[in-house]
């Protein structure tokens with residue numbers, strides 16, 4: 001049958017799997033068609049209304065999407081085997097397939113697994129890492145590893161891509177590798193378009209395979225290594241310098257005294273072309289329960305959206321692209337998360353960062369939330385929400401995406417014209433286990449463990465950026481949990497950031513990473529929003545070709561806060577851009593340093609560091625920094641501003657999102673009084 005979701009070629013052999021493996025087999029008739037052919041799958045409205053009590057709801061009132069058949073099949077399995085808690089998908093590069101399985105798994109309370117996700121672009125297993133590089137392995141590494149493990153997979157269907165009937169029943173994982181070389185050669189045209197998944201047979205448009213024999217034992221499993229080559233090199237070099245960082249602890253200046261606890265925070269709104277920013281929403285009047293405060297904040301948000309409906313049109317919470325959540329205590333995270341998640345009903349919820357600021361927040365305020373909304377059409381945005389466990393990057397099993405790409409204005413599309421990429425905060429989780437990563441070697445000093453976490457979480461940021469075709473960073477913030485060694489840790493994070501953003505970094509040479517996330521299936525069935533064919537232009541991250549001869553490093557901040565999610569010691573927050581050209585200038589005078597980036601796809605971005613001064617001089621320095629920043633913006637231009645400082649009471653007059661913290665650090669591990677980040681779309685707006 002012709003199905004977008006299911007492959008039925010060779011289905012008559014399936015009962016033999018049951019016999020060979022001696023496991024139960026469950027089957028269901030495939031009904032319906034691909035009603036929803038969008039790349040990202042959303043629960044059908046009729047099904048959503050009836051779930052929770054109905055057994056096969058949604059059969060009436062129109063044709064049902066074929067994806068729902070998987071739901072009914074898994075329900076059969078769960079009734080027979082209540083111990084089942086996960087479902088595994090074979091998706092390698094197909095977002096179309098992965099999002100449908102994730103949707104169904106989530107509705108049933110199952111953990112989605114995708115161990116092959118992005119496999120061609122992950123570092124090779126240890127067993128293959130030491131072998132001489134071969135061109136075929138760069139494209140068909142999965143088949144190479146299958147062959148080494150003794151798997152047997154034979155071709156049972158050919159349809160296009162230079163395949164002919166003479167290849168039927170050939171073993172693609174044969175030890176001699178002959179057929180794999182033929183596949184790569186004949187599909188060369190597809191590979192030039194970035195369809196590496198076609199060689200692996202994903203999508204079924206060119207070739208379909210069936211497994212005939214598997215590995216002898218789990219001891220032969222081949223698992224991708226944790227670090228990409230570039231990050232592994234940086235990790236080893238920084239680790240070798242642990243001693244020099246440890247010496248910094250003794251040279252730190254005395255921290256500022258705790259901030260004035262009586263300061264108040266003001267809610268701000270700013271609109272810049274297609275971007276609407278609502279900052280510093282709080283609800284102390286709702287009482288001391290954090291979940292109740294979050295509910296009140298959500299009400300204030302929806303009221304604000306309705307108030308501006310006549311001016312801006314129908315704006316909903318689904319138009320939020322980024323959220324910053326500041327908590328008093330990370331103990332409140334679970335309770336506020338369920339309230340927050342109820343706000344979003346469509347695929348690709350906003351990316352977000354969550355940190356705990358402790359008693360730096362004003363009295364009575366346990367939650368402070370800021371939102372960025374895109375006022376353009378949702379079809380012009382690009383979301384990335386991977387909920388499956390894999391070896392690629394941490395799954396986001398919750399109401400937030402890994403990233404959301406937004407075009408510069410309402411007339412643009414992110415896929416065609418580039419724009420900003422808002423990326424969720426990344427902590428050092430092991431993607432496969434979703435637990436905080438542990439080094440292979442147990443370190444006796446905490447700084448070495450921190451180095452491991454810092455490199456890994458930054459690699460997560462990089463991989464997500466690559467998947468979104470980011471080719472430059474406008475800046476990054478490394479949130480670091482409070483510690484007596486903050487000076488050393490800030491210097492470590494700064495040096496790692498600098499090494500990964502220099503021309504000598506190996507990270508830009510990896511085989512196009514995730515910018516080639518298309519496969520034959522996606523191109524045919526779900527390419528309405530995919531990246532197109534301009535593959536060569538967005539390979540490197542960072543791409544030094546778009547900044548000309550500039551050797552500037554994207555802005556960096558380290559911000560010490562009280563707590564981070566999951567007890568992590570670091571969380572990276574980055575703002576990426578997909579741009580054809582970025583102009584960068586830097587200036588420093590009177591203790592104020594400014595990094596100024598401009599580009600047609602994002603506008604103007606300013607990162608300002610204020611050198612540490614006496615407490616009585618901080619307010620004057622901040623005012624001077626804001627004055628210098630506004631001079632760099634066009635007259636009348638509206639902007640979004642964020643200020644990081646341990647003295648928030650001195651910033652309440654500023655029209656900015658406030659992040660109260662314990663300390664702020666700049667490039668090279670220099671301690672700062674405060675840091676400002678301003679973003680303008682470089683065009684006249686209305687507030």
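Any Cβ shown, glycine's included, is placed from N, Cα and C.
Annotations in TrEMBL come from automatic prediction, not curation.
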Region 'Disordered' according to TrEMBL, located in which of 9-36, 37-64
37-64
Secondary structure of the domain 'Diphthamide synthase' (61-118) by DSSP, residue by residue, totals 27 helix, 7 strand, 24 coil
Looking only at the domain 'Diphthamide synthase' (61-118), what is the mean pLDDT?
94
